[in-house]
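Taken verbatim from Swiss-Prot:
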type: BINDING; residues: 575, 584; note: [4Fe-4S] cluster binding site
type: BINDING; residues: 677; note: chlorophyll a' binding site
type: BINDING; residues: 685, 693; note: chlorophyll a binding site
type: BINDING; residues: 694; note: phylloquinone binding site
type: TRANSMEM; residues: 73-96; note: transmembrane segment
type: TRANSMEM; residues: 159-182; note: transmembrane segment
type: TRANSMEM; residues: 198-222; note: transmembrane segment
type: TRANSMEM; residues: 294-312; note: transmembrane segment
type: TRANSMEM; residues: 349-372; note: transmembrane segment
type: TRANSMEM; residues: 388-414; note: transmembrane segment
type: TRANSMEM; residues: 436-458; note: transmembrane segment
type: TRANSMEM; residues: 533-551; note: transmembrane segment
type: TRANSMEM; residues: 591-612; note: transmembrane segment
type: TRANSMEM; residues: 666-688; note: transmembrane segment
type: TRANSMEM; residues: 726-746; note: transmembrane segment
């Protein structure tokens with residue numbers, strides 16, 4: 001940390017705005033394509049509508065003024081937040097008006113969540129299944145009921161209030177977006193003032209946000225949940241504001257409140273140990289993390305972030321300067337080190353977005369794993385359908401975010417990279433030895449692919465020939481995941497040394513006992529064996545191939561031996577011009593396109609592994625004697641070691657519910673299963689067909705229209721190569737994801 005004279009840093013944190021920079025014009029916005037001179041002239045061919053969609057949010061093409069681009073992004077963020085709050089408000093409104101939330105709250109073990117009732121127009125009210133408690137509707141698996149229970153919501157009136165609050169918030173966000181673009185727009189130096197931004201985000205948004213949430217958990221959620229856990233009827237529980245206004249209600253539940261704030265200021269924090277706990281494990285009544293543990297966590301996080309938000313130098317010559325930190329960061333083998341990265345990240349929002357998407361995507365996948373290993377909400381752990389769905393959801397969202405990170409990194413390389421700024425720094429050095437990186441990564445992919453797949457081929461062959469003793473399995477030639485087992489063991493034992501007062505381990509997934517809630521397994525140790533070792537190496541293979549494609553796209557986005565002037569061709573182009581064969585599918589965009597298929601491939605195997613493993617080895621019922629009966633009876637260890645086993649005992653066996661769903665409340669999933677297969681197959685028409693074929697067909701159809709004197713004013717054009725691929729990959733992913741959605745739902749709602 002350095003202290004600098006104040007005069008040098010004086011300008012740093014002064015907020016500077018332009019007044020009324022852009023007029024508010026509904027006439028202009030009403031004109032399609034107003035942001036682009038060519039598009040604004042209107043459509044001549046059908047390509048116009050595609051370009052309109054491609055460029056509407058590509059602010060780089062609207063203007064080259066970085067300040068205006070920054071303002072547009074800033075305003076768009078407020079618009080995005082408004083859309084999110086409207087969407088949340090709609091979900092909460094459904095919970096208030098159409099759901100069985102109050103019935104579920106009174107008996108969460110026997111009533112299943114539903115927030116949608118289908119109207120009987122053409123007999124489709126068959127979809128309203130009996131979810132218990134006399135309610136008929138579509139079962140939902142978004143986990144919202146569990147979240148609301150955790151918040152401390154006890155009736156639909158509170159949900160109505162929250163839904164209205166969401167709309168009010170959306171209105172504020174929309175106003176803020178308009179105000180900060182049209183009335184008081186920040187100057188470029190405000191957007192580039194990273195120290196103030198870090199202080200604000202860390203301290204105000206994360207720090208005070210966590211502190212406020214800890215306050216809600218301590219004063220509202222924990223007491224209400226404690227009463228609910230004790231079996232107090234919902235109508236007898238005080239309303240949220242009563243806990244805050246009437247201290248005696250809180251003191252009855254948590255005596256630590258009687259001491260007031262004195263222990264806080266005298267550092268005698270042990271007085272608060274009844275509502276800021278460190279129990280570990282899960283609440284045996286609900287199967288969720290202890291809310292008092294979560295309160296403690298959020299309070300600690302708030303303290304850390306508020307301290308972190310004081311670290312960076314603004315107008316008081318004290319604290320860190322990001323530019324100085326980066327420029328001093330040099331190792332013995334990294335040349336100029338991080339010099340130039342500050343300029344990259346403050347002048348290229350694509351570079352900034354790329355790193356943020358990669359981090360956020362990775363974090364989302366980590367969250368997917370925490371949701372089952374340490375279920376944060378009450379009664380989430382025993383709602384198997386919801387567990388499966390939120391795992392799948394977070395895995396896929398994480399995958400899309402990571403691919404998006406690679407996409408924007410490639411756009412940065414093409415549009416924003418400045419070779420003068422990046423001379424012999426880490427980025428320049430990585431680009432200069434990209435051949436070594438990519439060829440080694442390629443070798444790793446080949447090695448992993450042949451060896452991991454080879455183990456399965458061996459097992460299928462041995463099983464086909466009736467030689468089980470020669471297979472890789474827990475009962476023949478063992479390939480135990482010894483490192484993973486060591487890590488599990490370490491995590492089970494470690495809290496004994498690091499947190500001696502904790503009552504239970506961090507997660508039962510690593511070790512400990514079986515936690516049953518209402519006769520169902522909430523969590524238990526997940527034993528790993530040969531089957532997990534095999535599928536883990538398939539995960540390693542598919543993830544490395546995805547990384548190979550995406551990283552190659554970024555490192556070769558500007559140039560390659562094949563096309564040295566690639567940067568001049570832009571981020572997306574079909575081929576290097578006519579007359580140069582073998583140069584198609586080399587643009588940055590094409591690498592993202594290919595990367596999406598491998599991301600989907602990769603993550604499908606992840607969710608299949610999770611779904612089968614949990615049904616086989618974790619989820620199930622527990623009898624009075626403590627014996628566990630798993631949903632698929634522990635068949636993972638012996639069936640998942642052959643490809644035939646995956647096809648027969650997972651895909652085929654578990655598809656029976658969706659295939660046989662007609663005539664039942666699950667029949668919509670049967671229709672969806674077929675429809676999504678159709679959407680997937682439809683994508684192949686775009687992916688396996690050339691542009692010329694369609695252009696010829698279109699011209700013959702246009703001839704027929706001319707003959708009938710119904711010629712279109714806008715000339716029809718075949719999709720460009722890139723547009724065709726975009727439509728293809730979109731339908732491929734949509735079809736694949738919706739097929740999986742129907743397959744998972746129909747099965748787990750039946751058996752879970």
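Cβ atoms are placed via backbone N, Cα and C, with glycine included.
Structure with Swiss-Prot features highlighted.
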| residue | record | Cβ neighbours (10 Å) |
| --- | --- | --- |
| 575 | [4Fe-4S] cluster binding site | 18 |
| 584 | [4Fe-4S] cluster binding site | 13 |
| 677 | chlorophyll a' binding site | 15 |
| 685 | chlorophyll a binding site | 13 |
| 693 | chlorophyll a binding site | 10 |
| 694 | phylloquinone binding site | 17 |
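Here the transmembrane segment (726-746) lies next to the transmembrane segment (591-612) in space: the count of CB pairs under 8 Å, restricted to residues six or more apart, reaches at least 3. Of the recorded residues, residue 575 ([4Fe-4S] cluster binding site) and residue 677 (chlorophyll a' binding site) place their C-alpha atoms 31 Å from one another. Rounded to a whole number, the distance between the Cα atoms of residue 694 (phylloquinone binding site) and residue 685 (chlorophyll a binding site) is 11 Å. In terms of C-beta pairs under 8 Å, the stretch of 198-222, 294-312, 388-414, 533-551, 591-612 lying closest in packing to the transmembrane segment (436-458) is 533-551. When Cβ distances are compared across the two stretches, the transmembrane segment (294-312) makes contact with the transmembrane segment (198-222), since 3 or more pairs at least 6 residues apart fall below 8 angstroms. By number of Cβ pairs under 8 Å, the transmembrane segment (533-551) is matched best by 591-612 from the list 198-222, 349-372, 388-414, 591-612.
For the pair residue 584 ([4Fe-4S] cluster binding site) and residue 677 (chlorophyll a' binding site), the Cα-Cα distance reads 29 Å.
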